[in-house]
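Per TrEMBL, the features are as follows:
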type: ACT_SITE; residues: C75; note: active site, proton donor/acceptor
type: ACT_SITE; residues: C187; note: active site, proton donor/acceptor
type: BINDING; residues: D12, S13, Y44, G45, N76, T77, T188, H189; note: substrate binding site
Amino acid sequence: MDLEDRPIGFFDSGIGGISVLKEAVKILSNEDFVYFGDSKMAPYGVKTAEEVKRLTFNAVELLLTKNIKALVVACNTATSAAIIDLRKKYSKSMPIIGIEPALKPAVEFNRKGKIVIMATTMTLSERKFSNLMKKYESRSSIEPLPCPGLVELIEQGKIEGEEVEGYLKEKLNSLKDEGIAAVVLGCTHYPFVKKSIRKILNEDIPIIDGSKGTVEQLKRQLVKYHIKNNKNKVGKVTIFNSMESKFIIQLSYKLLKEGSI
Ligand code: DGL
């Protein structure tokens, strides 16, 4: 098989990375994709960086058996913990693209109030995030907001309704009173609850995620390494999950097709 015909590997701790895959299918519609979600071990965000690194390397080894030509770590937590070591080990054989909270576009909106960054506890406590904060904290007031428990709700398919809205209200209501400039979704699961977040926030507050930027970076890398598929066909998506349950696979395909973001 020609290199350009091989699939692109996507990885997340669970179903969250589907929000990034959704964007990739739109922008790179003729590519084939293989997605692996590690729902059995989710959530990653409350584990140690060492543990997340180990799980991430296992997942990448599995994706390599699927003959991937590029890797997207569609998980902010795994990117924080493992991207440097992943690149050390694999970047000679394929481009590796990670994701981080989209703070730059949020700052560039130049709105009054705090920029709230919703993410996992681990993402917000890693060096990668403190370096990102340092870059922008002189220009904006940034409020990191860890959301433990939210990934678990989304993994159960609870993306709308009383439970998730109650959780989000508790997190956001007090910040709302202080004035919110923008909300950054720094975990790839959270775009699936964007509708529920919107119910709590005023219409004019931007809610931003990093999917588009990540997929644009993927596209640039495919072009740079001359491995972009240029055939005129519609690509296919194959989804695997460590949970091996029908529910999680069906939910994954459902969110890929219908999940409004
Ligand atoms: N989707 C992962 C992220 O972007 C969620 C991490 C978790 O499993 O806690 O951070």
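Glycine is no exception: its Cβ is also placed from the backbone N, Cα and C atoms.
It should be emphasised that the depicted structure is a prediction, and the values quoted were computed from it without experimental measurement.
DSSP gives S13 (substrate binding site) a coil state; it is part of no helix or strand. DSSP assigns H189 (substrate binding site) to coil in the three-state reduction, outside any helix or strand. Reduced to three states, the DSSP call for C75 (active site, proton donor/acceptor) is coil.
If you draw a 10 Å sphere around the CB of G45 (substrate binding site), it holds 27 other CB atoms from the protein chains shown. Note on C187 (active site, proton donor/acceptor): other Cβ atoms within 10 Å of its Cβ, all shown chains, come to 33. Residue annotation for substrate gives D12, S13, Y44, G45, N76, T77, T188, H189. The furthest Cα pair among them is separated by 12 Å.
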